[in-house]
């Protein structure tokens with residue numbers, strides 16, 4: 001009989017095989033649809049589909065709705081100022097969604113459902129379980145699949161007539177021009193500052209509206225950049241990037257899935273208004289702020305174009321894409337990147353801790369938040385000491401007795417091994433004669449190297 005680990009491996013293999021087969025079927029079905037469309041249009045290359053490089057070829061403009069279109073979109077066709085012409089504009093439009101996460105999934109879902117003719121999906125990442133509470137296009141069966149492919153499967157089940165191209169890569173200064181130039185509207189559904197500056201500059205250069213959304217914890221924001229004569233770009237509002245230590249993504253700060261659903265849906269709404277026209281005032285020069293704790297929306301006016309903006313002024317300094325990771329001093333992904341703040345003798349490998357120190361007398365401080373500490377603890381001896389209490393020195397009184405013993409080793413841990421280094425730095429400044437070390441890689445490393453059954457989040 002197979003052991004537990006072998007059974008888990010076989011389960012993972014079967015899930016991946018099923019996901020690969022579904023992806024292959026999806027691609028074959030789309031290829032069949034494209035061939036049928038080409039035959040219906042008399043053959044040739046005027047089908048408006050993506051070429052090998054991912055660019056959308058300009059092709060035949062659709063001038064009438066099919067019976068299926070009328071049945072499918074009837075509820076929006078009867079809207080004032082929408083009608084047949086509005087639906088045709090959607091049918092002939094192309095939209096690029098950057099990031100198939102909590103914002104990109106609802107945005108893509110509503111744009112595909114509304115009848116946008118061509119969707120481009122960009123994401124470098126794969127589906128994992130931590131996505132499901134907010135990234136509603138992905139499923140358990142598609143764990144490990146590229147997010148773009150997973151989203152395409154779901155979107156084509158929703159609307160088989162939508163043409164979709166997957167860019168399963170990280171957008172950067174080298175590929176952005178080739179990808180973005182052929183789309184009508186771009187949605188920023190990313191989760192990092194470097195990508196926001198990249199998309200902004202590219203949209204200014206190629207004269208594309210940029211529908212920008214963000215969500216963190218219980219709050220969300222939405223605006224449209226680079227739209228209209230006086231509509232500002234992202235650099236008009238934020239000419240200088242924030243310091244890296246001031247930036248928090250949803251992986252670190254958390255987010256409620258329903259909040260991303262609200263903002264992503266509103267991104268789809270603004271995109272439809274831009275494409276159709278006449279449906280109301282586009283959210284350019286204004287920012288919508290959503291507070292999920294109160295359910296309140298605020299609509300505030302933001303500054304107009306900055307006359308000396310480096311990107312969108314009459315004499316811009318930025319006429320080509322630059323190295324945005326260098327410019328922002330941070331990575332262009334929402335993945336956690338390990339800090340290196342401590343010397344090697346101030347750090348401890350999780351395996352070494354498990355083998356040599358775990359059973360010995362020591363203080364084990366867990367500097368995660370109280371909410372995170374409630375999720376899981378490394379041991380019953382772990383003491384929750386949130387990082388904020390370390391930085392404001394309030395822990396000194398709380399642990400005055402324990403800290404008097406210089407011979408008692410102090411081990412500090414966190415989720416991924418970054419906050420623990422910050423805490424150790426601060427504590428060693430206070431107690432230079434104490435043995436204070438952090439656990440390299442935190443709880444994630446513990447799961448990888450010591451106990452694969454320990455919960456990871």
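Backbone N, Cα and C define each Cβ position, glycine as well.
Residues or ranges marked as region 'Disordered' in Swiss-Prot: 40-60.
Feature annotation from Swiss-Prot assigns phosphothreonine to 63. According to its DSSP assignment, residue 63 (phosphothreonine) is coil.
Marked as ATP binding site by Swiss-Prot: 102, 123, 130, 131, 132, 133, 134, 147, 191, 192. Within the same chain, the residues at least 6 positions away from residue 132 (ATP binding site) whose Cβ sits under 8 Å from its Cβ are 138, 139, 140, listed in sequence order.
Around residue 312 (Zn(2+) binding site), taking its Cβ as the centre, 24 other Cβ atoms fall within 10 Å, counting all chains. Under the heading Zn(2+) binding site, Swiss-Prot lists 233, 236, 309, 312, citing sequence analysis as support.
Residues or ranges marked as active site, glycyl thioester intermediate in Swiss-Prot (evidence: sequence analysis): 250.
Across the range of the domain 'Rhodanese' (358-455), the DSSP-based residue counts are 38 helix, 14 strand, 46 coil. Under the heading domain 'Rhodanese', Swiss-Prot lists 358-455, citing sequence analysis as support.
Per Swiss-Prot, the feature active site, cysteine persulfide intermediate maps to 414; the stated evidence is sequence analysis. Taking a C-beta cut-off of under 8 angstroms and a sequence separation of 6 or more, residue 414 (active site, cysteine persulfide intermediate) has the following same-chain neighbours: 366, 367, 368, 387, 420, 423, 438, 442, 443.
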Rounded Cα-Cα span from residue 236 (Zn(2+) binding site) to residue 134 (ATP binding site), Å: 31
Using Cα positions only, nearest of the recorded positions to residue 250 (active site, glycyl thioester intermediate) (63, 102, 309): 102
Residue 233 (Zn(2+) binding site), number of other Cβ atoms within 10 Å: 23
Euclidean distance between Cα atoms of residue 191 (ATP binding site) and residue 233 (Zn(2+) binding site), Å: 18
Integer Cα-Cα distance in angstrom, residue 312 (Zn(2+) binding site) to residue 130 (ATP binding site): 38
Local Cβ density at residue 63 (phosphothreonine) - other Cβ atoms counted within 10 Å: 8
When distances run from the Cα of residue 236 (Zn(2+) binding site) to each of the recorded positions 63, 102, 130, 191, the nearest one: 191
